[in-house]
Amino acid sequence: MSVSVSIQPGSVRRDSDSEPLIDSRYRKGDGPTTAMDEDTALSNKTTLRKKRYSINSMRCFGVELTPDNIAVAMVYFVQGVLGLSRLAVSFYLKDDLHLDPAETAVISGFSSLPWLVKPLYGFISDSFPLFGYRRRSYLVLSGLLGAFSWSLMATFVDSKYGVAFCILLGSLSVAFSDVVVDSMVVERARGESQSMSGSLQSLCWGSSAFGGIVSSYFSGSLVGAYGVRFVFGLTALLPLITSAVAVLVKEQPVFGPARGQNILLDSTDFLASSKSSMAQLWDAVKQPNVFLPTLFIFLWQSTPHSDSAMFYFTTNKLGFSPEFLGRVKLVTSVASLVGVGIYNGFLKSVRLRKIFLVTTVTGSALGMTQVLLVTGLNRRFGISDEWFAIGDSMIITVLGQVSFMPVLVLAAKICPEGMEATLFATLMSVSNGGSVLGGLLGAGLTRLFGVTKDRFNNLTPLIILCNLSSLLPLPLLGLLPEDIADADSKEGSDIEEMKSN
């Protein structure tokens, strides 16, 4: 769960929006301008240009750090740093509410529902400006909603239904802000090479991984030292960063009858706009070079997993403390960043089919190593449970991140102009839907195998079945294009027709 931009080169060129801001400081006043004044003004302008050149030339993952890109990176950073509450939620469900692994998995799946309707948020963001803005205003509201949901978790919530509702609101906040920044990324990715699109996605997910690193260690130690309520209260402050960075988004106010007067549209305009947007979305989705890769991604994501059962096993059976699990999370966050770096540095031009084949087979084989931890065989080789868990999590996380990056690049490249947020959100919702289905299938298998919070006799066959099932989508690799460039060329005529519409 949960589950990429046209880049301006680093230059001193001023666009039409920024020029009045610079020139106005020299055009004020009604008095005559002397030669000395002109020289001073010219010197000041030159200094400003040099500063702008220095700022614009700063790059991360090969992407220029413009204010827009900084805002995108910060929103992804918030998504990563919100992992501060993940361990707190897991321990709250297990220790305070005394839920079984299957119930925990179901609540996790329910709380992910907002990620399944991301096209709705993209449609709202693209079609209905709020207070004159399609991006800024929704980022502000998303941050406020997230702060509200975690504040409730820190104060009033004391039942599994209340937890599910609050996490649902928190997921809605993150999902909506994710759609908004994704649309900004897609706008910049159009027309760029596969390599540059990969760099943009690397910036996004690298920022998220860095946020995970920042929060990882403290997520466990804070739970152990101050309790889950304190962590929930601290988490409530983080979404406000999303609201704050909205001011960095460069966006012109949108008014007029073409898009309506902000959000106050009459019902006729609303229905007509909705019908037109849905028709355009369907025209895009039904194209074979969009539909077939999307179908593969859904099937690839929907294989069951045993994450909830393993969490209960490591805490109740092996006695892993919150602080140690925080350290494991720190390692996996670093591993996620390493995965982004590996893809950005070596794999951006590798064929999609090859990446999926290698990472899926390797990941399935390495996932079987969890059986060694469950049966205790790792200790016979002189490897402690703690070190084995750290190494296993690190390797699997790197593979998972490497295999997911090309999915994002492909999704960004096939989005037609004018509906970036809507179509990209649709593709990501399909992917998230597969993840939720995989979690629910895992919950059903956990209950079927009789794995509870204190019974783990059948955990080994559960792990084996879940890992083998991840190989099932491989015969369908032919649904993917040979490479992203091929997808672009084959889509060309259809996309141009949709752009005309």
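Every residue, even glycine, has its Cβ placed from backbone N, Cα and C.
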>> Among the residue ranges 107-125, 202-220, 297-315, 316-334, I'd like the one that TrEMBL describes as transmembrane segment.
In response: 202-220
> Per TrEMBL, which of 82-102, 355-375 is transmembrane segment?
Replying inline: 355-375
> Which sequence positions outside the transmembrane segment (138-156), separated from its termini by at least 6 residues, show Cβ-Cβ distances below 8 Å to it?
Replying inline: 71, 75, 82, 85, 121, 124-125, 130, 162-163, 166-167, 169-170, 172-174, 176-177, 180-181, 229-230, 232-233, 235-246, 249
> In the same chain, who gets a Cβ under 8 Å from the transmembrane segment (387-411) while lying at least 6 residues past its ends?
Replying inline: 4, 194, 197-198, 201-202, 204-205, 209, 293, 297, 314, 320, 327-328, 331-332, 334-336, 338-340, 342-344, 347-348, 352, 355-356, 359-360, 362-363, 366-367, 369-370, 372-373, 378, 424, 427-428, 431, 480-481, 484, 487
